[in-house]
Every structure is written in structure tokens, then in C-alpha cells.
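What Swiss-Prot records for 217-236 is intramembrane segment, and it gives similarity to another entry as the kind of evidence. Under the heading topological domain 'Cytoplasmic', Swiss-Prot lists 1-48, 161-168, 269-398, citing similarity to another entry as support. What Swiss-Prot records for 72-80, 132-143, 196-216, 237-242 is topological domain 'Extracellular', and it gives similarity to another entry as the kind of evidence. Annotation source Swiss-Prot lists transmembrane segment at 49-71, 81-107, 109-131, 144-160, 169-195, 243-268, citing similarity to another entry.
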Amino acid sequence: MSQHRHQRHSRVISSSPVDTTSVGFCPTFKKFKRNDDECRAFVKRVIMSRFFKIIMISTVTSNAFFMALWTSYDIRYRLFRLLEFSEIFFVSICTSELSMKVYVDPINYWKNGYNLLDVIIIIVMFLPYALRQLMGKQFTYLYIADGMQSLRILKLIGYSQGIRTLITAVGQTVYTVASVLLLLFLLMYIFAILGFCLFGSPDNGDHDNWGNLAAAFFTLFSLATVDGWTDLQKQLDNREFALSRAFTIIFILLASFIFLNMFVGVMIMHTEDSIRKFERELMLEQQEMLMGEKQVILQRQQEEISRLMHIQKNADCTSFSELVENFKKTLSHTDPMVLDDFGTSLPFIDIYFSTLDYQDTTVHKLQELYYEIVHVLSLMLEDLPQEKPQSLEKVDEK
């Protein structure tokens, strides 16, 4: 029986060597403990700091500006050294950012979609250099890799909470928008077949716009966006199609005024929901920060009280009055002291008079309010005797 168990175990191992490696590696990796907690905490504080975010936003923005200058051949020729230096600086900054984030949390870093977007952008950065080294400068598709460098501006998404909120809203509307687009496609399919049969006849039909299904779909898309629909309708009127105007008006009403507005409405609804959720999360974060600050203050107060109690326990004084007397003996003639007759000082008298003025103003306003309340109540009492006989008359009539 032990041999059979050993054979079965060996058969499983031999069938999946990758699983065996992962099974052996995971416990070892879980038991692994890093000894650089202080350094990692410092790097994390640097990454989460406001100054670091400002540096990254400024770097990405300046690189986008230099890329706009790079599109001009004259500027590229005259500022070649500056553009090359800015390129090297930007690539080094982005690579350093990636290295720092992976160093802080090498496992959870890959679970964030925006971090994966940064990795893809860095791969796109190195793509032109790799193609020039491997395929040469005359490679056919090298211009595509150069054009993809415009994706660098997407690094700003990770540093803008507002943009992330909008992207979340767009992601939540995928299924609803897909349903709306499917309905619009079905509507266009029905009208494309109908338009091909009505206006795409071989004899006197409009072959450019309705000659086949693909042309009919493209024409209907122009009608749905209400782009040049008058020119399309004029071509149908020139061929004297009887139902052309009814066809065009009905499709524009359904496609443009209903489905496209429905699409916009769905986007607005989900965007508002995402904004409300973002505001709630921001409020919770502010409350957590406030509670954290309060906890720090309370902890400091507790430590101070504990320190004072410890000092009092270790003191030689038997009572508080004795402690005060001993404290007075340590005073010199140059030490500042708070006088007991604070109520007779000029600042206190000034504040006291101002408080009395505020109190008189408040009493005066309250009296005016009471007068208005009494006046309203008197008017209500005057109306009550007039309503009472009417109710009695109704009772008598019954």
C-alpha cells in the first residue's frame, strides 16, 4: 500500500513539474521575511508624498510638451540635444518610479490596474529603441512604435482622482451601453435592408449610398449622427423616391433623438453615481484622517498625564499644596508670573464690555421676535371665531 501511494505521488509530480515548483516555492516565499522595513517605509512615504506626485505630473506634462515640439522638423533639428536629454530624463524618471513601487510592494503592485497601465507604457517607451537595435533604423513599422509614444500622457491617470472616477463610471456602463448599441445595430440592420430594397435598385437606384449592405450601413451611420443628411436626402429627392423623406425622418428620430440620447443619459447617470461614491470615499478618508489626528493628540495627552503622575509619585511632597510651596521657593525675581487679579486688567474689562454689548443686542433681537410671534398669534385668534360659526352651521344643516 505504501508503494502504491508512493507511485501515485511520483506520477502526479512527474505529470506537472510546474505545479511542483510552485507548490514548493509558495511556502518558502510566504515564510520569507524582509529585513528592510525602515527603508521600505521611507520609500513608501516618498512615493505617497505630495512633492513626489507634483514631480511626476510635471515630468509627464513637460514630456508631452517636448513631444509636441518633436513633431516639427525644424525644431527637432535645432533642439536635437535638448529633446534627446528630455527623453532620457523622462525614461529614467519613469523607470525609477516603477522600481520604487515594485520595491515597496512587489506582490500587490501587480493587482492594481493603473500600475499595469504604467508597466505597459514603460514597455511602449522602450519599444522604438528595441526595434532600432534589432530591426534597424529602416524597419517598416518603426513609425508605428514612434506614434505609440503618445500613450505616455496616460500616466497622468494614476495621479488624478477625477479622471479615475470618470474611467470607473465608463467601466460601469459597459453592459448598459452594449445593450443600447446592440439595439441601435438591430435598428440599423432593419433600415439597411429596407433602404437597399427601396433605394438600391439596379435601374435608377442610388448605388453609391444604398447599392449594397455595407454602403447602406455607412449611410445610416451618417444619418444617425445627423452629419450631411440633407445632401443624402437631396440625392434621393433627385431620383424621385416617394418614401425617401418618411424613411429619413423616421430613422433620424429613432436613431439620433432616442438611442443616442439614451446613450448619453446612461453615461450621465453612471457618472453621477461614481461622483457621489467618490465624494463619500473622500469624506470617509477625511474623517479617518481627523480621527487619526485626534488619536495622536489623545495619546500625547495620556503620555503627558502619565509622566506627571509618575513625577508626582516619585516626589517627596505629601500634598499638592506642599508641591506648590516648594515650587514657589524655586522661583526667582526674574521669572514671569500670572497675577491673581486678572479681572481688573484692562484687556479683560474691554472684552467684558464687548460681551455686554453683544448680550444687549441679542436681547433686543429676541424681544422683536417675541413681538412678531405675539402679533401672529393674535391674528390667528381673530380668525378662529369666524371659522367656528361656519362649522356650527354645517352641523345644524346636517
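Residue numbers in this text run from 1 along the chain shown.
Placed from the backbone N, Cα and C atoms, the Cβ positions cover glycine too.
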Within the topological domain 'Extracellular' (72-80), residues counted as helix, strand or coil by DSSP: 7 helix, 0 strand, 2 coil
Residues in the topological domain 'Extracellular' (196-216) grouped by DSSP into helix, strand and remaining coil: 12 helix, 0 strand, 9 coil
Intrachain residues whose Cβ lies under 8 Å of the topological domain 'Extracellular' (237-242), provided they are six or more past its termini: 198-199, 204-206
For the topological domain 'Extracellular' (196-216), the mean pLDDT of the predicted model: 82
